[in-house]
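Notes follow the structure.
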Amino acid sequence: MTTPALLPLSGRRLPPLNLGASAFPHHRATLRLSEKFILLLILSAFITLCFGAFFFLPDSSKHKRFDLGLEDVLIPHVDTSKGGKNLGGFLIHGQGHDEHRHREEEERLRNKIRADHEKALEEAKEKLKKSRDEIQAEIQTEKNKVVQELKKKDSKPLPPVPLPNLIGINSGEPTDPDIREKRNKIKEMMKHAWDNYRQYGWGHNELKPIARKGHSTNIFGNSQMGATIVDALDTLYIMGLHDEFREGQEWIDKNLDFSVNSEVSVFEVNIRFIGGLLAAYYLSGQEVFKIKAVQLAGKLLPAFNTPTGIPWAMVNLKSGVGRNWGWASAGSSILAEFGTLHMEFVHLSYLTGDPVYYNKVMHIRKLLQKMDRPNGLYPNYLNPRTGRWGQHHTSVGGLGDSFYEYLLKAWLMSDKMDTEARKMYDDAIEAIEKHLVRKSNGGLTFIGEWKNGHLERKMGHLTCFAGGMFALGADGSRDDKAGHYLQLGAEIAHTCHESYDRTTLKLGPEAFKFDGGVEAVAVRQNEKYYILRPEVIETYWYMWRFTHDPKYRQWGWEATQAIDKYCRVSGGFSGVKDVYSSSPTYDDVQQSFFLAETLKYLYLLFSNDDLLPLDNWVFNTEAHPLPVLHLANTTLSGNPAYR
C-alpha cells in the first residue's frame, strides 16, 4: 500500500494533432494508389539490385576459385603423380576441368536468379490486385503465427502443485436486508467502473473517465499491459461478476505480453500484476493466471543483479537493465519497494518448486538483519551498490509502509511458523511506537515521520493502513499486549475517520497535520486531493472483523456515499483535487487500485466473515488474497523457521 510520496498519482504509495477526413477529401483512393506506387518502386529497386549483383559475379577467367560451397576445392595432399601441383601441402585438381565446372555453376546460378525474379514479379502483381484490407489481413495472420510460436516457446509446463485448502471463496451473503442492499450498491459501483473501463480504456492500464480514453503512468512504462484488468480480477470473482471475470481472463490469455521493451516499477508490477494473477489463479483454478505470473516473475529477476542483491526500483522487461528513481536519496532503493516482495515470491516458489524467488527475498531479509538501525528504526532508503542507508528518513506511510505490513504477513502466511519475520515485526513496531506514535492536543493518536532526528507531526492517507495492521498483528504480540495493539488500531482508525469528517466532501486528504490548532486537516494545496485511495476503508474492514463494532460499517457507508456522490462521473470514477471545496475539479483518473482495493474492502466490510476468512487468507498490499501456506512439505526449507 505504498508508493513514493513524490509520485502520488502513480499508484498506492506513488492533445494530438487531428487531421480529419475533411482535410483530405479523397484520402482513401489516394492512399491506395500511393501504396501501389510505393510497392512498384520497392520491387523495381529490388530487381535492379539483384541484376546488379548478377553482373558483378566473379569472372572465372580472373578467379580460379569461386567458392559457392562446392566441395573439395582445396584438399590436403602431397602426391604430385596425378596431374596436379603440390602447393604447400594442398592439391589443386586439374584446373581446366574446374573452370568448366565453375562456368556451369555460374550459369545455373544466373538462371535461378532470373527464375526467382520472375516469380517475385508475379507475386507482386498478384499482391497489387488485392485490396488494402486483404493485404493487412494477410500481414496480421503472419504476425499472429509468430506470436503463437513465441507463446509456445515461453509456456514451459509447470509442475503440478496441490492447492492449499481454499475456504470462503463464494460465501459472505449477509442476512440483514439493509446490509445486503448496501453491499449490492458497492457491487453496482464496481460494475460501473468496470463497464466504462471495458468500453473506453480496454487494454490500457487505467481509464480517464471524463476524457473517456486510456491512461497510464510511468510505473507501467510505455506499454499497454491492462493493469486494471489484472488488478480487478479477484474483486470481480468474489462479487460474482463471472461474465466480466471471463472477459478479463480472455484478454489476459490472448494479449498480456511481457516481452515488451518497457521499463516498469518492480514493486508496482509485483503487487498489482503478480499478486493479482496469483489471487485469480487461487480463486478460479485457471492455469493461465499461474503461467502468466511465473513468466512475469522471470522478467523481474534481473532487477536483483546488484552488488548487494537489493533490487533496483525499475527494470526493463526486455533487456533486464535496472535502475533507481532519480530522486531517491543518491540512487537508493526504497524500503517499501524492495521490502514488499516476500508474499508473492514465496508463493511463486511454492507453485513452481523453484527456490530462486524465495532465496531472493530471504537474502534481503538477512542483509537487513545485519544492519544497524538508528533508534531501532528502518530508514526508507538503502543504496543497492554499497549496502548503506541513505538519508535517515523513517515513515510508516509512503516509502516505508508495506515493508512492516509484509513482515507481519510473512508470519501469518506461513501459518505462524516464520517466527523470524514476527520478531522483526515486533522489534520494528516497538521502535515505531516509541519514536513516531504521538497524541495531539485534541486527543487524536497519529503516526508522524522521523526526518534526521526530528519528528514531523504529519500523517499521510497511506499511513492510515496501519490501524488495520496493528489489529491484524495484535494476536501473537509480545508480553500479552494484544489488547493494547487492538486499541492502538482503533485510535488510528478514529484519527483517519476525523481526517475524512473534517472535509467538505467527507473524503480524506492525501496528508494532514497536527500542528498548533490544526489537527487532522491538510494545510498545503498539494495535499488536499483524494485519488480513490483505500487505506482508511482497509482499516475500517480489519477493525470490523476483529471487533464487530457497528461504527466501522457506518464510517464505511459514509465513505461509499461520498465516493458515489463526488467521484462518480458518467464514464467511471475520478479522483478530486480538493476535498475542502464544495465544487471540486476532477483529476480524470480511475486508478486500478480503486477496483482492486477500495471497492473490494467496502464489499468485504458489508459481507459476512465467512467470505475470505483471515485464518485462511492473507491479503497482499494491493488487497489480492493469497492462501495461508503450510510450508513443512514444500521446497522452501532454507529458513529454519519454515522447517
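Quick reminder: no glycine exception, Cβ is built from N, Cα and C everywhere.
Taken from TrEMBL as is:
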ACT_SITE  GLU268  active site, proton donor
ACT_SITE  ASP401  active site
ACT_SITE  GLU510  active site, proton donor
ACT_SITE  GLU535  active site
BINDING   THR621  Ca(2+) binding site
DISULFID  CYS464-CYS496  disulfide bond
REGION    148-178  region 'Disordered'
TRANSMEM  37-57  transmembrane segment
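Taking the Cα of CYS464 (disulfide bond) as the reference point, the closest of the recorded positions GLU268, ASP401, GLU535, THR621 is GLU535. Counting Cβ atoms from all protein chains shown, GLU268 (active site, proton donor) has 29 others lying within 10 Å of its own Cβ. Counting neighbouring Cβ atoms within 10 Å of each of the active-site residues (ASP401, GLU535), the lowest count belongs to GLU535. Between the listed disulfide-bonded residues, namely CYS464, CYS496, the fewest other CB atoms within 10 angstroms of a CB are found at CYS496. Cα separation, GLU535 (active site) to GLU510 (active site, proton donor), rounded: 11 Å.
Looking only at Cα atoms, GLU268 (active site, proton donor) sits nearest to THR621 among the recorded positions ASP401, CYS496, THR621. Note on proximity: of the recorded positions ASP401, GLU510, THR621, the one nearest CYS496 (disulfide bond) is GLU510, by Cα distance.
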